[in-house]
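Undergrad: Sharing a structure here in structure tokens format.
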Amino acid sequence: MSKALLLINCFVLSIGHCGGPLIMRLYFIHGGKRVWFSSWLETGGWPIILLPIACAYFHRSRTQPSSVNKLFFMKPRLFIAAAVIGTLTGLDDYIYAYGVARLPVSTVALIIASQLVFTAVFAFVLVKEKFTSYSINAVFLLTIGAGVLALNTSSDRPEKESKSEYISGFVMTVGAAALYGFILPLVELTYKKAKQEMSYALVMEIQMVMCLFATGFSTVGMVVNNDFKAISREAREFELGETKYYVVVVMSAIIWQCFYLGVIGIIFCSSSLVSGIVIAVLLPVTEILAVIFYKESFHAEKGVALALSLWGFLSYFYGEIKQSKKGSPPPPHLLQSEMTSVLNLNPSQSV
């Protein structure tokens, strides 16, 4: 069941990670100029999560006594942690949107590949992630792939973009990669320090709170920047038409929710390092889609990077399969959940 849930979250993450940058870039290419509004859309679709939370609640109402069934299980300690991480996510959303506004999708993708290195370092520091030869090999290959891609970035600068704007977008995107590389292990650390039973329903609650506070952070920026007053005017001037403007906006909010839900789901099922590796292996896929839809260049360096990324991805999961055959224990938060379930089913054996 855990492996099936992991695969589902990988699929959901794939939709969000590949579709999110493309639709965000579509907004900027055809006349969108509001960076704060674009960052707001990355988490503004958080009410969608209320639907699966409600479904989980009604499912529990049929299988559990009403006295132990709750709509929300999050305790104050966990709520505060999710709020802090959500605020950091809001900052990261703005930095990322700033980079996408000034760089081609393919260039953004290759810079974001450096996130894996930051994730690996912070995972080692925060959650004492143990590295195997396979995971080290995966990090090395994916990092080399990003370096190969970086060899030809100078030719990717858009015609209307000044050199200073391009550099600022480059620097901001690197900052976004570093900050999100810190956020992923921080989420895993939150799971381990939660001091309450972790379940996927609770993971969705954490995701909702994170997105709520991230959206609040972006809302303050929109108010200061007068974005709310400019949206209707921007919609009328959008090159694809006013109706398609709002379609782009709504789809952007939905697709980005897939990204965040997939990320925290993978962390719950496995680890923050696994989520970082899945994100890294999807970067070349995003580049290929950018070539198809936006006619961006696909030179030899990108082909080499794609091969290295796939090699690193397969290397890591081969190592995971070998490790699972040795009977490695599940992540601590999953072990805690399983033990709690056993004790609830067998109260006579509890001490």
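Note: Cβ is positioned from N, Cα and C throughout, glycine not excepted.
Copied straight from TrEMBL:
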type: TRANSMEM; residues: 35-58; note: transmembrane segment
type: TRANSMEM; residues: 78-97; note: transmembrane segment
type: TRANSMEM; residues: 103-127; note: transmembrane segment
type: TRANSMEM; residues: 134-154; note: transmembrane segment
type: TRANSMEM; residues: 166-187; note: transmembrane segment
type: TRANSMEM; residues: 199-225; note: transmembrane segment
type: TRANSMEM; residues: 245-268; note: transmembrane segment
type: TRANSMEM; residues: 273-294; note: transmembrane segment
type: TRANSMEM; residues: 300-319; note: transmembrane segment
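Tell me what's around each of these sites.
TA: The list of residues near the transmembrane segment (35-58) in space but at least 6 beyond its ends in sequence, with Cβ under 8 angstroms from a Cβ of it, reads 20, 24, 27-28, 69-72, 86, 89-90, 93-94, 96-98, 100-101, 200-201, 204-205, 207-208, 210-212, 214-215, 218-219, 221-222, 225, 227, 231, 249, 252-254, 256-257, 260-261.
Within its own chain, the transmembrane segment (78-97) is flanked in space by residues 24, 35-36, 38-40, 42-43, 172-173, 175-176, 179-180, 182-183, 186-187, 190, 193-194, 196, 202, 205-206, 209-218, 221, 260, which lie at least six positions past its ends and keep a Cβ under 8 Å from the stretch.
Sequence-distant contacts of the transmembrane segment (166-187) (same chain, at least 6 residues past either end, Cβ-Cβ under 8 Å): 85, 88-89, 91-92, 95-96, 98-103, 107-108, 111-119, 121-123, 125-127, 129, 153, 157-158, 206, 263-264, 267, 272-273, 275-276.
Same-chain residues lying 6 or more positions outside the transmembrane segment (245-268) and placing a CB less than 8 Å from one of its CB atoms are 5-6, 8-17, 19-20, 23-24, 26-27, 32, 38, 41-46, 48-49, 89, 184, 187-188, 191, 198, 200, 203-204, 206-207, 210-211, 234-235, 238, 274-275, 278-279, 333-334.
Panel annotation: around the transmembrane segment (300-319), residues 106, 110, 113, 132-135, 137-142, 144-146, 148-149, 151-152, 274, 277-278, 280-281, 283-284, 287-288 of the same chain, lying at least six beyond its termini, place a Cβ under 8 Å from a Cβ of the stretch.
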Undergrad: Should anything in the same chain at least six residues away from the transmembrane segment (103-127) have a Cβ under 8 Å from its Cβ atoms, list it; otherwise answer none.
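TA: Beyond its ends, the transmembrane segment (103-127) has Cβ neighbours at 21-22, 25, 139, 142-143, 145-146, 149-150, 153, 156, 158, 166, 169-170, 173-174, 176-178, 180-182, 184-186, 188-189, 192, 271-273, 275-277, 279-280, 283-284, 286-287, 289-291, 294, 296-298, 302, 305, 309.
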Undergrad: Using a Cβ cut-off of under 8 Å, list the residues of the same chain at least 6 residues beyond the transmembrane segment (273-294) that approach it.
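TA: Sequence-distant neighbours of the transmembrane segment (273-294): 10, 13-14, 17-18, 21-22, 25, 29, 104-106, 109-110, 112-113, 115-116, 119-120, 123, 129, 135, 138-139, 142, 145-146, 149, 181, 184-185, 263, 266-267, 302, 305-306, 309-310, 312-313, 316, 320.
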